[in-house]
Amino acid sequence: MAVPPPTHPRRLLPLSLGLFQGALLLFFALFVTYDEPLAQAEDAKVVANQLYGIFPFFQDIQVMLVVGLGLLLTFLPRYGLSVLTHNFLLLNFSTQWALALQGLIHHFHHGQVHLDLRNLLTAEFAAVTVLISVGAVLGRTSPCQLLLVATCEVPVYLASEWAIVTHLGVLDVGGTITIHVFSCYFGLGVSKGLFGATQRPVHPKETPTPRSDLLSLVGTLILWVFWPSFVAVLCQPGDAQHRAILNTLLAMSASTVTTVVASSLLERDGKLSPSHLQNGSLAGGVAIGAVADMAMPPVAALALGSLSAVICVLGFRFLTPLLVRKLALQDQCGIHNLHGLPGILGAVASAVAILVASEDTSGQALCQAAGLAVAIGGSLLAGLLAGAALRLPCLARPPEQLSFDDLFWPQARDFRGI
């Protein structure tokens, strides 16, 4: 007998979103204005330089998050509509929430929050952490639970980023530590806090099909093409930005080739695992972020990309099953293998790159290590607390038999297998 989907979350979702958007409308009406140069055009040349310098990168990042990341997560064959919708919703919800919070903290002057394109960009970086983190619990959570994750994670991310970058002075232009490592361990903390020590068997609906793997691989290709923009957008224009783009492309090229090698050696009959290629080819982009703008030889970027692919593939093959058996840790999308392990590798590489510099920079290397520790420890603790909050009955996690199903789409069955 079919189990009917829960009804009260249907009312809770529009109610909570409506209240959020209404409160935000009031906040923007009372406090938010555009930055003065944008409104008055006193220095048109400066404004134009900022716009043309940032907006092309910003557009690339939009494509990455809306299309690339959304498609990457469609490997669940009966959850494709939901994952694309949830990804799109969480991106917009988290960006607006981050705009309000960082505006009050960093851009509140004379009773008003001043908004410009760079503020919007940094708010989207906060949203990226949410999109990565929810990958650990994808398919087994309701939309209301995902919104609560976003509500909790954005302020924690802003505090963590301030502590790591502003207070400790960590060098992390591409977000390896502040975004990838933080979001990975926050997501794993949420998973552990929500599911506890319960070891869940493989759900029949979570096995990818050839078509769902194909869509996911298309998402990987889109992310791969635009990833250099994500890493280089906050670099200083000129040599630093040029190095960041080159290093990112080299690292990701090496990680793609190495992924094919490692996957072929580990899989039977030398065949490729779709999950290895979908994730391992992006691992180089995760790892390179902390060192992308540093002056280093091209071979270092290639080596870092290759190493990141190896640990990503090994993580999928050996570490993920081990964590499930020993810790009952659920990681639905393998965020630990794509974001956590390559992120740690990139942080270590940044400390090594600083240590081998000609001048005495051991203090900065220690700061890199401290930043990594803060990112892991703080995100894990906050994630555990957020995961415990997700157990509230009013948030109505879908029952196990309805996990990985497009519950909120009345005609979802017509799209299954596409």
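Here the Cβ of each residue, glycine as well, is placed from N, Cα and C on the backbone.
Annotation source TrEMBL lists transmembrane segment at 12-34 (among others). Long-range Cβ contacts of the transmembrane segment (12-34) within its own chain (Cβ-Cβ under 8 Å, at least 6 residues beyond either end) map to 93, 96-97, 100, 103, 108, 111-116, 143-144, 147, 394-396.
What TrEMBL lists as domain 'Ammonium transporter AmtB-like' is 25-392. Each residue in the domain 'Ammonium transporter AmtB-like' (25-392) has a pLDDT score, and their mean in this model is 92.
Here the transmembrane segment (54-76) has long-range neighbours at 83-84, 87-88, 91, 117-118, 120-121, 124, 127-128, 131, 135, 138-139, 205-206, 208, 212-213, 215-216, 218-220, 222-223, 226-227, 229-230, 232-233, 274-275, 278, 333, 404, meaning same-chain residues at least 6 beyond its ends whose C-beta is under 8 angstroms from one of its own. Among the features that TrEMBL reports, transmembrane segment is placed at 54-76 (among others).
Summarising the annotation, TrEMBL assigns transmembrane segment to 88-108 (among others).
Among the features that TrEMBL reports, transmembrane segment is placed at 120-139 (among others). Residues 54, 58, 61-62, 65, 69, 73, 76, 79, 83, 86-87, 90-91, 94-99, 102, 145-146, 149-150, 153-154, 157-158, 175, 179-180, 182-184, 186-188, 190-191, 194-195, 203, 205-206, 233-234, 330-335, 339, 383, 403-404 of the same chain lie 6 or more positions beyond the ends of the transmembrane segment (120-139) yet place their CB under 8 Å from a CB of it.
The transmembrane segment feature in TrEMBL is assigned to 146-165 (among others).
Away from its own ends, the transmembrane segment (214-234) comes close to residues 54, 56-58, 60-61, 63-64, 67-75, 80, 121, 173-175, 208, 241, 244-245, 248-249, 252, 256, 274, 277-279, 281-282, 285, 288-289, 292-293, 418 of its chain (Cβ-Cβ under 8 Å, at least six residues beyond either end). Residues annotated as transmembrane segment in TrEMBL: 214-234 (among others).
Positions annotated as transmembrane segment by TrEMBL: 246-266 (among others). Residues of the same chain lying 6 or more positions beyond the ends of the transmembrane segment (246-266) and with a Cβ under 8 Å from any Cβ of it are 174, 224, 227-228, 231-232, 272-273, 276-277, 280-285, 287-289, 291-293, 296, 298, 301-306, 308-310, 312-314, 317.
Under the heading transmembrane segment, TrEMBL lists 299-319 (among others).
Annotation comment: TrEMBL describes 340-357 (among others) as transmembrane segment.
A Cβ distance under 8 Å defines the sequence-distant neighbours of the transmembrane segment (369-390), meaning residues of its chain 6+ beyond its ends; these are 133, 141, 145, 148-149, 152-153, 156, 159-160, 163-165, 168, 170, 172, 177-178, 181-195, 344, 347-348, 351, 397. The transmembrane segment feature in TrEMBL is assigned to 369-390 (among others).
Note on the transmembrane segment (146-165): residues 13, 16-17, 86, 90, 93-94, 97-98, 101-102, 105, 126-127, 129-130, 133-134, 137, 172, 177-178, 182-183, 186, 190, 371, 374-375, 378-379, 382-383, 385-386, 389-390, 395 of its chain, located 6 or more positions outside it, place their CB under 8 angstroms from a CB of the stretch.
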